[in-house]
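The structure appears below as structure tokens.
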Amino acid sequence: MVSFCWDGEVLYVMLLKDRTDGVTNQHLSFNSKVKNGMLFLASLAAVLGPLSFGFVLGYSSPAIPELSTITDPRLRLDDDEASWFGSIVTIGAAIGGLLGGWMVDKIGRKLSLMFCSIPYIFGFTIIIAAQNVWMLYLGRVLTGLASGVTSLVVPLYISEIAHERVRGTMGSCVQLMVVTGIMGAYIAGMFLDWRWLAICCSIPPTVMMVFMCFMPETPRFLLSQGKRREAEEAVRFLRGPDAPAEWECARIEDASDDQVIFVLGMADLKDPGVYKPLGVGIMLMLFQQLTGINAIMFYAETIFEEAHFKNSNVATVVVAAIQVVFTAVAALVMDRAGRKLLLILSGVSMCLSTAAFGVYFKLSSETHGNSSGLCLVESPLAEDPAAELSWLALASMGFFITGFSLGWGPIPWLVMSEIFPSRVKGFASSVCVLTNWGSAFIITKTFQDLMDLLTSAGTFWLFSGCCALNIVFTILFVPETKGKTLEQIQTQFKGTLE
């Protein structure tokens with residue numbers, strides 16, 4: 001009897017091995033027939049959304065100084081109004097994240113992306129025609145709303161049209177285009193006034209809406225709607241005419257057999273395939289904001305001034321250029337190095353650099369006999385500072401931006417698009433986007449109060465501690481998704497055999 005059981009186990013293992021080898025051979029055959037040209041074109045059309053998003057984020061930097069000194073009193077911004085002009089985008093984006101989660105499930109990824117271009121265009125149009133401060137606020141809220149939808153929809157769209165060999169690179173292009181848009185707004189702001197800059201910022205979403213008319217819906221969404229023929233046509237468009245579209249659609253359907261109910265209920269939140277990735281996604285978004293990225297950007301201009309970069313416009317362009325370069329590097333190595341390793345290296349880099357920032361501010365305050373974080377902006381940085389400390393500030397900022405761009409900038413958005421089952425993808429993604437933009441608003445608006453309470457040195461050491469925690473979190477809880485299909489990633493969270 002024991003002998004038969006042992007033989008049966010051997011037979012089972014042999015059959016399982018044969019099945020695995022068969023699936024692997026099918027994968028190799030499929031990959032050998034794939035052509036990526038149209039996939040790259042569809043991704044390019046989609047990432048015009050993040051480019052628009054970047055222009056929204058970058059617009060306030062060159063526009064606020066001009067609006068603060070404009071001769072028209074109806075449009076002139078005081079310090080408080082300028083603060084709201086910059087930060088109110090995050091409120092619109094948080095709302096947009098919730099709206100986007102509903103839209104992707106109801107009307108699909110493609111139409112959601114096309115429709116989100118409308119508030120971009122309307123928002124910038126209102127800014128262009130603004131006659132008072134409230135019109136400026138309304139325009140910023142609308143562009144923020146579009147940014148929130150974009151930050152949710154585009155990663156989902158790209159993750160669902162890309163195959164596992166290039167999904168990391170394609171997904172990283174989302175953050176690459178965001179920082180490119182920010183840099184574009186900074187550069188354009190050096191030559192254009194605030195109205196013409198708004199006109200310039202409205203061009204990418206207009207082009208995106210036109211290009212997306214010719215791009216397909218994602219095969220996964222079409223299959224979820226029972227549109228098998230359209231899904232196969234989308235696969236042929238994205239993979240080339242020789243790729244076995246029927247096989248890829250069948251693979252997606254087989255993995256989705258347990259997701260036939262698309263109405264989210266409380267029972268779903270007890271499913272490890274739902275609550276585990278949801279927890280990971282929420283914490284990734286929270287830790288991204290707790291790295292201190294907004295604080296570093298807040299001090300960027302004054303740090304460059306200390307290093308004798310008197311032209312603050314050039315300084316902000318240099319910072320944006322560093323982000324673009326190293327985000328591009330992350331995109332190139334994402335599918336080789338993997339998400340988890342880059343997150344860990346990024347966390348270590350930011351932990352050390354924010355700790356060094358704390359040391360810099362501590363030494364600066366002792367040098368000038370002033371430990372007040374609020375006065376630190378006025379005293380050590382605005383006056384002639386100790387030249388021997390300038391290198392520490394510049395090195396810390398460069399090291400931090402490099403680390404953030406390599407990992408914690410692009411990867412949370414990429415992983416969010418990969419880990420959720422289809423039936424909860426809209427809801428779960430909207431929760432993650434709401435977490436990101438909500439925490440960004442809170443941290444931005446309370447940052448000065450935090451400096452008053454803890455001093456600048458204490459605030460940056462707090463950020464350093466948060467970066468240390470994100471390293472531990474990554475090691476313990478974040479799965480490696482490199483080279484895996486979306487179905488394999490979801491199976492991994494459930495803890496079942498692939």
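For all residues, glycine too, the Cβ spot is worked out from N, Cα and C.
Predicted automatically and left uncurated, TrEMBL annotations should be read as such.
Residues or ranges marked as domain 'Major facilitator superfamily (MFS) profile' by TrEMBL: 38-482. Looking just at the domain 'Major facilitator superfamily (MFS) profile' (38-482), the mean pLDDT is 85.
Positions annotated as transmembrane segment by TrEMBL: 39-62 (among others). If one looks beyond the transmembrane segment (39-62) by at least 6 residues along the same chain, the residues whose Cβ comes under 8 Å of a Cβ in the stretch are 85-86, 89, 113, 116-117, 120, 140, 143-144, 146-147, 150-151, 153-154, 157-158, 161-163, 166, 170, 173-186, 188-190, 194, 197-198, 200-201, 204-205, 207-208, 211-212, 214-216, 237-239, 313, 316, 320.
Marked as transmembrane segment by TrEMBL: 82-104 (among others).
The list of residues near the transmembrane segment (111-131) in space but at least 6 beyond its ends in sequence, with Cβ under 8 angstroms from a Cβ of it, reads 46, 49, 52, 56, 74-75, 96, 100, 103-104, 138-146, 149-150, 153-154, 157, 194-195, 198-199, 201-202, 205-206, 208-209, 212-213, 217. Residues or ranges marked as transmembrane segment in TrEMBL: 111-131 (among others).
What TrEMBL lists as transmembrane segment is 137-158 (among others).
Sequence annotations record features per position, and here TrEMBL assigns transmembrane segment to 170-188 (among others). Residues 39-40, 43, 47-48, 50-59, 61-62, 154-155, 158-159, 162, 197, 200-201, 204, 313, 316-317, 320-321, 323-324, 327-328, 330-331, 334, 405, 409-411, 413-414, 417-418 of the same chain lie 6+ residues outside the transmembrane segment (170-188) yet bring a C-beta within less than 8 angstroms of a C-beta in it.
As annotated by TrEMBL, transmembrane segment applies to 194-215 (among others).
Taken from TrEMBL, the feature transmembrane segment applies to 278-300 (among others).
Annotation comment: TrEMBL describes 312-334 (among others) as transmembrane segment.
Through the fold, the transmembrane segment (341-361) approaches residues 291-292, 296, 330, 333-334, 373, 376, 380, 389, 392-393, 395-397, 399-400, 402-404, 406-409, 411, 455-461, 463-464, 467-468, 470-471, 474-475, 478 of its own chain, all at least 6 residues removed from its boundaries and within a Cβ separation under 8 Å. For 341-361 (among others), the entry in TrEMBL reads transmembrane segment.
Per TrEMBL, transmembrane segment is recorded for 389-415 (among others).
The transmembrane segment annotation in TrEMBL covers 427-447 (among others).
Here the transmembrane segment (459-478) has long-range neighbours at 279-280, 283-284, 287, 290-292, 295, 339-340, 343-344, 347-348, 350-352, 354-355, 357-358, 361, 373, 408, 415, 447, 450-451, meaning same-chain residues at least 6 beyond its ends whose C-beta is under 8 angstroms from one of its own. TrEMBL lists 459-478 (among others) with the feature transmembrane segment.
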Under 8 angstroms for C-beta pairs, at least 3 of them, ignoring pairs fewer than 6 apart in sequence. Is the transmembrane segment (278-300) in contact with the transmembrane segment (82-104) by that rule? no
Ranking 137-158, 389-415, 427-447 by Cβ pairs under 8 Å to the transmembrane segment (82-104) puts first 137-158
